[in-house]
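Take a look at the structure set out below.
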Amino acid sequence: MSQVSTDPVDPATPGLSARPAPAWSAWRAVVGFGMVSLAADMVYEGARSVTGPLLGALGASALVVGLVTGAGEGMSLLLRLAFGPLADRTGRYWSLTLSGYALTAVCVPLLAVAPFLGGAGLAVAAALILAERAGKAVRSPAKSALLAQAAGAVGRGRGFAVHKALDQLGAFAGPLLVAAVIAATGLVWPALAGLAIPGAAAIGLLLWIRRRVPDPAVFDTGTPPAAPALAGSDTGTPPAAPAPATTAPPTPRSGWFGADLPRRFFLFAAAAGAATAGLVTFGIISFHASQTGVLAAAAIPLLYAAAMVAAAMAALASGYLYDRWHARVLFALPVLGAAVPALALSTTAGAIVAGTLLWGPPSECRTRPSRRSWPTWFPPPAGPPPTASSPPSRALRHWPAEAWPGPCTPARCPS
């Protein structure tokens, strides 16, 4: 397979010239990607904070709200299995990143016109919500690859930390902006229309980064190989013996997806799914709060922002507790998950607030301790690490223990 333009080029390789120096430093590129995520998170997290009330106002039932929001979250995850390998095969990392962000920047503000479409408004709003979540799946793998290359020169731990911190700031600021507009106007649609401003900012910033750093791989130089000893040198050190050939990794068994994974992986996956199956989307919680009239319209986005803060604090605590108690912290997930619907779907304001604050931590932390458990329970196979286009089953088994060093904080765990 031929190399794509975004693959790093070794300047020492005969016949290949070194890439020109970028106009920006690596840190500036990393911060630029972080600012893009900040603006984009303001858009889609702001919209998610009022998805339930919006669909309810358009005539949706709780079942429809659950189906639309649940299907959207599923699409944003499952479609990455297709768009990650697509980015690797085509090398169109920038195109996929821009396309995904464009879907978010366009679909969310268009939700503002749904209340004016009469009977078609509900169908249009549902389609726009699903399209926005599909955009998340389109851009995430490609953007992560670009960011990882840019962060290679500054340290991927620090680079992703800065990026995630800015990302979390946008996730908190978006609902606050929506709440302020609803409080001022008493309507949801002006708040959604106003999200066009950070959406346009995200696209503009991304185009600017692409122009200044068209190939972030120039930062990802890696570790240079040791120079071979020259003939006739006076060092007196004999040339090193050639490294022995490594055994190729075993070829995964053919058949259905994940056929080469151990049985305990599927038991673990089933347990993780069952532990969080009771978690409802915030769309259901916000729909219930608005339909019952327990909370004011402007208070619902504020409640979502508070849940994001609770999730961030829980991520800090889960990383610390995992280092002490290891996978035993996972037993807390079904307990928290069982309490969420009982409280969040009640008819008192205090219980709804408490249930939403409990909803945030399991929603954020259900993947953090689980990821840490993989290296212990599923040792990596022999052979080189997989890439985004490797078979998903091998990528799961090759999870590196050092990939998530230290406590898992909102600023250190890339999503």
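FYI, residue positions are counted from 1 along the chain as it appears here.
The backbone N, Cα and C atoms fix where each Cβ goes, and this holds for glycine too.
TrEMBL labels come from automatic prediction, so no person has curated them.
As annotated by TrEMBL, transmembrane segment applies to 26-44, 56-81, 101-130, 191-209, 265-287, 293-317, 329-359. For 228-253, 370-415, the entry in TrEMBL reads region 'Disordered'. Per TrEMBL, compositional bias 'Pro residues' is recorded for 239-252, 377-389.
Within the chain carrying the transmembrane segment (191-209), a Cβ under 8 angstroms from the stretch's Cβ atoms is held by residues 24, 29, 32-33, 35-36, 39-40, 42-43, 46-47, 50, 54, 97-98, 101-102, 104-106, 108-109, 111-112, 170, 174, 177-178, 181-182, 185, 301, all 6 or more beyond its ends.
If one looks beyond the transmembrane segment (101-130) by at least 6 residues along the same chain, the residues whose Cβ comes under 8 Å of a Cβ in the stretch are 36, 40, 43-44, 46-47, 51, 54-55, 57-60, 64, 68-69, 71-72, 75, 136, 138-139, 188-190, 192-193, 195-196, 199-200, 202-203, 206. Among the stretches 56-81, 293-317, 329-359, the one making the largest number of Cβ pairs under 8 Å with the transmembrane segment (265-287) is 329-359. Beyond the transmembrane segment (56-81), the same-chain residues lying 6 or more positions past its ends with a Cβ under 8 Å from any Cβ of the stretch are 114-115, 121-122, 125-126, 129-130, 132-134, 136-138, 140-141, 188, 280-284, 287-288, 290-291, 392.
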